[in-house]
Each structure stands twice: as structure tokens, then as C-alpha cells.
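Accompanying notes for the structure given below.
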Amino acid sequence: MKLVIVKDYAELSRKAAEMLVSEVKANPKTVLGLATGGTPVGMYRELIKLSQAQSIDYSQASSFNLDEYVGLSSTHPQSYRSYMEENLFNHINIPAEKTHVPVGNTTDHLAECARYEEAIRLAGGIDIQVLGIGNNGHIGFNEPGSPADSLTRVVQLTDSTIEANARYFDSVEQVPTQAVSMGIKTILGAKKVVLLASGEAKAEAVRLMLEEEPTADVPASLLQLHRDVTVIVDQEAASKLTTSILAGTKPSGS
């Protein structure tokens, strides 16, 4: 795992956006794995700026999102489809039919999960997967205890995750209790992974991810099993890392 520590959230967002732009410039048919939540918002903002400034063409690219809430339609304002359209898809020329988000309000979740896995396979797999990290170490909605061989499935959200996401809803009672999420094995199947973490609240999760042995109790630690992971954190998110980990840090700007 390559660790890159940057000054702040703004620099983190720029570096992550630059990585995605580089992928698309090198391979116009790049398959992007995308994340939602608070952390990637700045990255998407920077990605739009870079794409417009450099006339980046996404017409041959495609994307797969990590997850979607169970029970929300794609047009619900808090659905992850709506999030992606607002924060990215409506601002670049990626074809709508090539942007994939799990369907959360289907009547057959098993079939939807199988369909999603097959769609990823038919696309040739994900070239670069963007991740955030939860305070409890979750990636996607793979909560602690998620097995390393898990595929896309319906997951039960923990109370801490529901409470963390309540800020996007009018009340905690409105937050869905389940989600369709790519599994750990699905995520590890990406050719490259870039994980972003910002703020002191993520510092302990970052420490556990990087310093503990891979364990299902800290889903993000299972990324140690992947051959090409870049972890970009700001100084606050890196504040609990030990000297031995920091000794191997890739300097910002290199």
C-alpha cells in the first residue's frame, strides 16, 4: 500500500482527481469505480474543473458505484444515483447508459446483486476504484465482519453508520437500514484502488487499516491483500499513525 499524506482536504481532492484524469487520458475506455459520501465531493469538484480545462473525453468511459440504499428510488434526492448526477455525471460527457449504480428499490435484490456483478465482469472489471473509509473501518457498506470473499449483496447498516449518514436526511429515522453494496472481493477485483480519508474523526480507522493485520473486523485492512492501493490522507487523518508507518510514506508531490 502506498501512503500519501497531504496538507489538507483541498490537496487531497486535487490529487485524487488528478489520478482519475490520468487514468482516463491513458485509457479512454477506463472503467471507474466510484464512491459517495462527504469525502469524494471535493474530488468530483476538482475532477470537473480538470476535465473542462483539459477537455477530457469520457464518451468511451464507464463507471460503477459502490452502493445504493435499499428502498430508495433512483430519483430520490438522497439516493446515490442522485448524488452522482449532481456531483459528477451532469458535468462531464460520460454516457448515462454507461453509469451504473445498484438499483435500491427492486423487488428482487438477489437478482439485482447478481446482475451488478455480471455487468462489472462484462465491462472487463474496474480499472480504478475510489473508496472512502467509515469511522468503523467500513469500505463501501461492508461493515465490520464482512468476509473477504463477499460479493455484491444486501447488507444491514450498523447504528454508527446510520447515525453518521443522518446528516443527509431530515431525521435519523429516515435513513435506510440496508444497502446494496459491492463486496470485499468485488472491490479487491479492481486493478487499482485509491482510498481517501480526511479529518481527525477518520484517524483511528486509518491507523487500524494500515497498522493492524488484515481482518474482517476492520474491512479496510483487507486492502492490504491488494497489490496496487494508494491511500491519500490529510494530516489530521494521519495523526495517529506510528513512526514505522510514516517512514514508508510517499511524500506529497512525488
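Placed from the backbone N, Cα and C atoms, the Cβ positions cover glycine too.
For reference, Swiss-Prot has these:
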- Asp67: active site, proton acceptor (ACT_SITE)
- Asn136: active site, for ring-opening step (ACT_SITE)
- His138: active site, proton acceptor (ACT_SITE)
- Glu143: active site, for ring-opening step (ACT_SITE)
Glu143 (active site, for ring-opening step) and Asn136 (active site, for ring-opening step), Cα-Cα, nearest whole angstrom: 8
DSSP state at Asn136 (active site, for ring-opening step), helix/strand/coil: coil
Cα-to-Cα gap, His138 (active site, proton acceptor) vs Asp67 (active site, proton acceptor), nearest whole Å: 12
Tertiary neighbours of Glu143 (active site, for ring-opening step) (same chain, Cβ under 8 Å, six or more apart): Gly134, Asn136, Val155, Gln156, Leu157, Thr158, Thr161, Pro219
